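First the structure, in the form of structure tokens, and then the observations on it.
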Amino acid sequence: MPSLYLASGSPRRRELLTQIGVPFTVLSTQIDETPFDLETPAAYVERLALGKAQAGLAALPADQQACVLGADTAVVLDGRILGKPVDQADALAMLAALSGREHQVLTAVALTDRQRSETCVVTSRVRFRPIQPHEAHAYWTSGEPADKAGGYAIQGLAAIFVAGLHGSYSAVVGLPLCETAELLSRFGIPCWQCLEGDKS
């Protein structure tokens, strides 16, 4: 069985991959995340997920039997990608734009080894209730929005803003577990290898 590497610094992706009982090692990768002109959000997240996985594989010894998993998430409103806020004003503007509306969250997963690469993109729809200005300010003060796509974390304090979700909750957090498990199985990596409470 090949060794699995996660090409992501995201603690949320580490937690999600651990949740399905797959042993892995974290790889630190850096790629250019600038969108291409006229690139669709789906093509963007797929390109970045694959780029992270390929960069991770390139950092490993050439004779090592390994699979590398990469992922990328984008929050999309009216066809526009909302990245990580650059400052308080940017974060408050994002929350105001998302307030009382439905938006899309696209997460791409890529898995690559020495022979092949496979990807998938999962689209979910999230609906926010109206967010009051004082709530947006308090949320920014918490520090949570600073490094989050779209300026919020559905699994954190921003859960109180979520009036509805259609799609994959784990994908909105950062890694669609159903689709990730399917990809892993196609590369010969089963889930549930590390089960909590397993005494064997």
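Cβ atoms are placed via backbone N, Cα and C, with glycine included.
Feature list (source: Swiss-Prot):
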SITE      Arg12  site 'Important for substrate specificity'
ACT_SITE  Asp72  active site, proton acceptor
SITE      Thr73  site 'Important for substrate specificity'
SITE      Gln155  site 'Important for substrate specificity'
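Structure coloured by features recorded in Swiss-Prot.
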residue: Arg12; record: site 'Important for substrate specificity'; DSSP class: helix
residue: Asp72; record: active site, proton acceptor; DSSP class: strand
residue: Gln155; record: site 'Important for substrate specificity'; DSSP class: coil
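Of all the recorded positions in the record (Arg12, Asp72, Thr73), the one with the smallest CA separation from Gln155 (site 'Important for substrate specificity') is Arg12.
Sparsest Cβ environment among the recorded sites Thr73, Gln155 (other Cβ atoms counted within 10 Å): Gln155. Looking at Arg12, Asp72, the recorded positions in this record, the fewest other C-beta atoms within 10 angstroms of the C-beta turn up around Arg12. Counting only the Cα atoms, the space from Asp72 (active site, proton acceptor) to Arg12 (site 'Important for substrate specificity') is about 12 angstrom. Thr73 (site 'Important for substrate specificity') and Arg12 (site 'Important for substrate specificity') have their C-alpha atoms 12 Å apart, to the nearest angstrom.
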